[in-house]
Number of protein chains: 2
Amino acid sequence: MRQRLLEATVECLVDAGFTGTSTTLVSKVAGVSRGAQLHHFPTKNDLVVAAVRHLAEQRREEFARVTHQLPTGKGRTRAVLGEMADYVTSPFFTAALELWVAARSDEQLLAAVGPLEIEVGRELHRIAVELLGVDETQPGVRELIQATLDLLRGLGLANTLGDDSRRRSRILDQWANTLDRELKELS
Amino acid sequence: MRQRLLEATVECLVDAGFTGTSTTLVSKVAGVSRGAQLHHFPTKNDLVVAAVRHLAEQRREEFARVTHQLPTGKGRTRAVLGEMADYVTSPFFTAALELWVAARSDEQLLAAVGPLEIEVGRELHRIAVELLGVDETQPGVRELIQATLDLLRGLGLANTLGDDSRRRSRILDQWANTLDRELKELS
């Protein structure tokens, strides 16, 4: 039931935005009684933060599964960027974006969303370092990985108002080449 | 009076978010009568879209002014990136972000915001090409500029939940070096 509530919450955040999401709507979409919903998640903020955390956990498991299927050698960087781009164009990003933006002008939400954003950011950074197999003790490498993650965040944002996949694909092709050359340069 | 209304709208979007912004609040903050406000901008959507467009125009003028003050030669790329980063961490970005996200689940708003987003994106791209003095007919250069703009958008987003200036500065230092090397590589 908890899982059903969390999935319904993501659906509501994606379809109706943070403002249009209410605990009543989520109960209805999940087909769960208001009482049961309130038992699991007393407030809307509890619900939305738990939903985004739940998605982040799911994604972590997906990355763990995919790691062994990615090509090694030439083509690996582009494949890793593709996986990460899938992440920032998934409902996870949209739901998270709704929370980040709502939290800007909602102090209570910010108190829960701030730490979650840091946690998700660190996790994504760790995944990028691991999948790309880079050595962050080399000067500049850490910043290059951070730039890659900010680029992906920007691509995620650009995709929210419409399908941006063709443009994104060309940018990632170029970015993979740049990243390979730069990582060699810095090593 | 028009200008005062637009400036008050930006202030409201930044402080209260799209949801918290109402035409009544804007009239109050601007110190303008409801009648006068309704005369200039009949709906909330008219008002917020005009406000973001107004900010974009202001920024264009600022870029035109700053162009002649930027260093030439070594250091220019970093200076250009710094100017553009100022843009994505300004109230303009915050106000625009509120609109982009609200437009996701508001068809009427999307009809106005979609074209505006494309216009602002193209304008920023044009400014980047001009300030960096790059030749986009070279294969890969266009994608590199687009990547730079998406990176900046990501940095803008990362800055909305808290001051991210130190991290951003290190990333831009690294990115300026990368961009210079890559543009040389592609030319």
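Backbone N, Cα and C define each Cβ position, glycine as well.
Assigned with DSSP, the residues of the DNA-binding region (B:22-41) fall into helix, strand and coil as follows: 15 helix, 0 strand, 5 coil. Marked as DNA-binding region by TrEMBL: B:22-41.
Here TrEMBL flags B:1-59 as domain 'HTH tetR-type'.
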Quick one: mean pLDDT on the domain 'HTH tetR-type' (B:1-59)?
-> 93
